[in-house]
Amino acid sequence: MSVHSNTETVVYGQVHNLQSIAVTTLAPRKDGYWVIYIHGGAWRDPAVTSASFDATESILRKKGLPIAGFASISYRLSAHPNHPQDPSTTDPKDFQDAKHPEHIADVEVALALLQNKYGFGARYILVGHSCGATLAFQAVMGAVSGHREQTTLTAQPTAIVGVAGIYDLRRLRDTHVDISAYQEFIEGAFGADEMLWDGVSPAQVTGTRGVEGGWKSGRLAVLAYSKDDGLVDGSQVEVMKEALGNWEKTEAQISTQEDSTRDRRLRILSIGGVHDEAWENGEQLARAVTFTFEQLQEMKLAP
Ligand SMILES: N[C@@H](CC(=O)c1ccccc1NC=O)C(=O)O
């Protein structure tokens with residue numbers, strides 16, 4: 001480990017023990033990006049936390065990329081049928097019963113805290129796996145039903161990387177209608193109102209409420225997907241690609257002094273392996289982040 005690195009746990013909420021961020025700061029560099037990760041686990045898997053970025057982080061650290069820091073966000077989770085808890089004997093700060101909008105609210109508070117503490121402005125890449133990709137794109141939607149009617153981030157990410165992402169909840173359930181777990185975890189996180197599901201799905205919401213209208217200063221969207229995923233089908237990336245079509249065609253709303261152009265890119269990246277392999281050994285997730293830096297370099301946004 002380099003002498004210029006420091007790992008700490010940053011707490012961003014007092015309500016639950018999951019309201020924390022694993023942060024690694026590297027040697028300060030003005031031209032570097034922060035890589036900020038949002039884990040998956042269907043909004044409920046207690047075994048998938050901020051630590052699920054560890055393998056990816058250690059691969060990325062060896063690559064000499066222009067990275068100023070890493071952050072991996074834990075957030076409150078919904079109840080899991082296979083992990084029952086007794087409310088009378090469980091510390092409320094460990095009890096899993098979160099419902100929308102608590103997951104996205106936590107992520108947004110965490111991002112605000114990181115921004116306050118480290119002041120990286122737009123120089124960050126938001127990376128999400130599975131439902132973490134849902135949360136990453138929700139963070140830049142113009143509105144999120146049941147949560148907010150306006151954008152809240154003080155500075156939006158320059159790039160977002162969705163890996164094996166869920167972008168349309170109703171479609172995910174319909175495509176896997178024979179497997180009850182899909183209905184179960186979506187309902188567990190968002191309740192039974194399918195109109196709400198649509199209003200929080202990044203691929204379903206168009207116009208000013210969507211990513212299209214909300215992610216004003218964004219420059220690069222990368223959607224990584226493995227055809228061998230096994231849990232999230234390929235149509236999720238297809239519909240998200242479509243939803244980002246208008247976003248890509250429009251110029252970013254930034255001052256030109258910052259950068260010479262305002263052009264945007266949408267890239268689909270084919271990765272390998274099954275759903276959770278991406279973060280378990282970290283190779284494919286690291287590949288997606290490395291690919292993102294290559295794109296930013298081509299766009300003259302990274303050294
Ligand atoms: N391990 C999860 C399942 C899971 O993560 C998942 C299953 C199907 C489709 C997407 C999933 N995760 C997305 O965040 C669970 O325990 O419910």
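Any Cβ shown, glycine's included, is placed from N, Cα and C.
Bear in mind that TrEMBL entries carry predicted annotations, made automatically and left uncurated.
Looking at 39-43, 44-48, 224-228, the range tied to motif 'HGGXW' in TrEMBL is 39-43. Neighbour list (His275 (active site), Cβ cut-off 8 Å, at least 6 residues apart, same chain): Ser130, Ala164, Ser226, Asp229, Gly230, Leu231, Val232.
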